[in-house]
Amino acid sequence: MFSWSYLMGLVMVATATLSLARPSYNIAEDTTLEPEEPPTKYQISQPDVHSALPGESVELRCLLGDAIMVTWTKDGAQLVSNNRTLLIGPYLQIREAAPRDSGLYACGATRPLQSETRYFIVNITDGNSSGDDEDDNDGSEDFTNDNNHKRAPYWTNTEKLEKKLHAVPAANTVKFRCPAGGNPLPSMRWLKNGKEFKQEHRIGGFKVRSQHWSLIMESVVPSDKGNYTCIMENEYGSINHTYHLDVVERSPHPPILQAGLPANTTTKVGGDREFVCKVYSDAQPHIQWRHIELNGSKIGPDGNPYLKVLKAAGGNTTVKEIEVLYVRNVSFEDAGEYTCLAGNSIGISYHSAWLTVLPDEERQLDSSSSEYTEIAIYCVGGFLIACMIGTIMMCHMKGRGKKSDFSSQPAVHKLSKRLPLRRQVTVSADSSSSMNSNTPLVRITTRLLSNTDTHLLAGVSEYELPEDPKWEYPRDKLTLGKPLGEGCFGQVVMAEAVGIDKDRPKDAVTVAVKMLKDDATEKDLSDLVSEMEMMKMIGKHKNIINLLGACTQDGPLYVIVEYASKGNLREYLRTRRPPGMEYSFDIFRIPEEQMTFKDLVSCTYQLARGMEYLASQKCIHRDLAARNVLVTETNVIKIADFGLARDINNIDYYKKTTNGRLPVKWMAPEALFDRVYTLQSDVWSFGVLMWEIFTLGGSPYPGIPVEELFKLLKEGHRMVKPGNCTNELYTMMTDCWRAVPSQRPTFKQLVEDLDRILTQTTNEEYLDLNNPLEPYSPSYPDTRSSCSFGDDSVFSPDPMSMNLAFPNPNTQMAPLKHEATQPA
């Protein structure tokens, strides 16, 4: 009896051992099916090999000398920058690497008439995983089994079966999944084009992941095209699903230009011609049209070619549009050689053609007769104009004779005309809203001019402004210089003002002068006067653009303000980005000044002081942004345009401005949706301005369309922490972006906190080159039409509105090197 019990125990143990070993045996069998990756057509003899573990960073450097253009590809597909992959010229950085980042990387350096390519092999491996199933986080769910009753096979995740057609480039990895369930657990087999799919049917074989119900084929080729059917079956039934695979062949070659194009052509002066250049390229081509002027030689006296770039792909220009070059109203200067230059990541190709210009003989013969015709036309036209002027003057004289009550008045008449100049940017003592105070500032009187008055702006009557002795400046001591730009109400020019500084009565001081344009309207004059009066009332402060004087008498209105030689803050920061961070082919350019972390904190502190002063004067800015902040020669930060009169009821926030920026990106939700402007809405804008500073002039909410931005702001999403920013400063930003205005800090609190941070910051904390900055492209606006909440998201949830903790700093931008020494 004892021997039989002992024998049965051994049988049960052996049976249990076999049942437990069977899954392990299947998995081991799967791993034996993994072939070595065959060499692809992109590989060379000795590529650089880089290995890393998941979650680590990978950096590739491609230094191939002076290159016009450097492009990066992965497995033959061109790469673009995103939140995990950063491309800066010859540098490629992959943050938080995953197994799907493994592959063959290539950098191509393009030069005139030649190109060079360097290759890298990146392996992201984990000892516990093959790397094929990094996105199969729900694999355990696929094996859910109902032990209570038997059941035929069924699909457990129909969403993974929705995409039936898969079109991929050659050399990519393809994975088909058929997650199923059943009791007993169904078996899986695969068919290709209706026949059993075996390892020997494909060079390199394939992988079957039974635990994830998947079929994996690496480095696909055109012969892999076809229908792939998964069959799930057990003793109670079977189900199947079919995928269709289409493999697009990629060809690594420089652009191919159609023979015979562009073609030589001849035309006469004044004619129109076009050159056509047909470009065929698998990779994205870059096309340029160049003109070598006809002067007997391609080389000028300075040793440089007479070369001019006429047209280049960029912005919203398509390849089809750039393939045609139009030369209209041809002159002799247009003669010469025209070259179509096309390049991609593999190399450069070009074709040239000649334009010959001949004199227009018919035009020369007709020139004499046309001159007589023009003279006759001018004479007749002049006579008719003289008759019209005479008739108008006679009617005017008769009308004046009838109105005897005006006959005794002098040549200059004064008509009382009150313009609605209101303090739209001030607030009352009991409210912080900018829409409550409507006190008129100044009374302007129009003046009808006699015939002797000549200095009259087109479209605007000449006005008599009341003289203010405190601010009036002699017009003869002001020397106007070059234009600085156009503002809201007119134009701004540089000038020299003698004696405007009371401490230096004999010295000339460089100032900026605001004046109306030639086509200014009465509203433009009203707005300029309103801004001048507002600046008078606000007074002076170190961190705002101060009013120095005005010329209001005996001539056009000149408003004299301080001059900031280094321009607006946004461009000031962008030109001082570390080498390699700006959008430029020359990544080794030395920035104008080496910025430190303390410089950025000091800039933020000065802005907070300026806004604290404006808030104390009950002034609401309503357009606080880096583009409206100026920098002086001594790097003093000054807030500008705080006195502008804006019609807040008629702004179309859905239209882009002329320079492509959307003002909604700096506006608080209550200002955006309810048109309520308060000091708290300025605090929100200050938080966005801080984000601009610590991204060195980055564009807020990059790639987010306006309609999506409205939705995301309402849902409580906010931008993530910039790379050159500590956790403490980012907390200050998010406090400024509180959904409830009363929960945001005041400018006084911001000044106190920034003063404390500034005193704890050393001068040696230079910006880290490895920290990613927002890409800056002056020609290419963001074109993404949707946002992602994955790695590409630029938002993080608002802790107040979403009841979530702050985003983990370890999963966002890389911190600065000095962050460990700062309070966080």
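Heads up, the Cβ atoms here are built off N, Cα and C, so glycines get one too.
Quick look at what Swiss-Prot lists:
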- Leu484, Gly485, Glu486, Gly487, Cys488, Phe489, Gly490, Gln491, Val492, Lys514, Glu562, Tyr563, Ala564, Asn568: ATP binding site (BINDING)
- Cys62-Cys107: disulfide bond (DISULFID)
- Cys178-Cys230: disulfide bond (DISULFID)
- Cys277-Cys340: disulfide bond (DISULFID)
- 25-125: domain 'Ig-like C2-type 1' (DOMAIN)
- 254-356: domain 'Ig-like C2-type 3' (DOMAIN)
- Asn83: N-linked glycosylation site (CARBOHYD)
- Asn123: N-linked glycosylation site (CARBOHYD)
- Asn128: N-linked glycosylation site (CARBOHYD)
- Asn227: N-linked glycosylation site (CARBOHYD)
- Asn240: N-linked glycosylation site (CARBOHYD)
- Asn264: N-linked glycosylation site (CARBOHYD)
- Asn295: N-linked glycosylation site (CARBOHYD)
- Asn316: N-linked glycosylation site (CARBOHYD)
- Asn329: N-linked glycosylation site (CARBOHYD)
- 125-152: region 'Disordered' (REGION)
- 801-824: region 'Disordered' (REGION)
CA pair Cys107 (disulfide bond) / Asn240 (N-linked glycosylation site), Å rounded to integer, equals 43
Top of the glycosylation sites Asn83, Asn264, Asn329 by count of other CB atoms within 10 A is Asn83
One finds that other Cβ atoms within 10 Å of the Cβ of Cys277 (disulfide bond) number exactly 23
Cα nearest Cys277 (disulfide bond) among recorded positions (Cys62, Asn227, Val492, Ala564) -> Cys62
On average, residues of the domain 'Ig-like C2-type 1' (25-125) score a pLDDT of 72
Filtered by Cβ under 8 Å and at least 6 apart in sequence, the residues in the chain of Gly490 (ATP binding site) near it are Lys514, Met515, Leu516, Lys517, Ala520, Asp524, Leu528
Nearest to Leu484 (ATP binding site) by C-alpha distance, among the recorded positions Cys62, Asn83, Cys178, Asn264, Asn329, is Asn329
CB contacts under 8 angstroms to Cys178 (disulfide bond), restricted to the same chain and 6+ apart in sequence, sorted by sequence, are Trp155, Lys160, Leu161, Met188, Trp213, Ser214, Cys230, Met232, His241
Nearest to Ala564 (ATP binding site) by C-alpha distance, among the glycosylation sites Asn123, Asn227, Asn240, Asn329, is Asn329
Min neighbour Cβ count (10 Å) across recorded positions Cys107, Leu484 flags Leu484
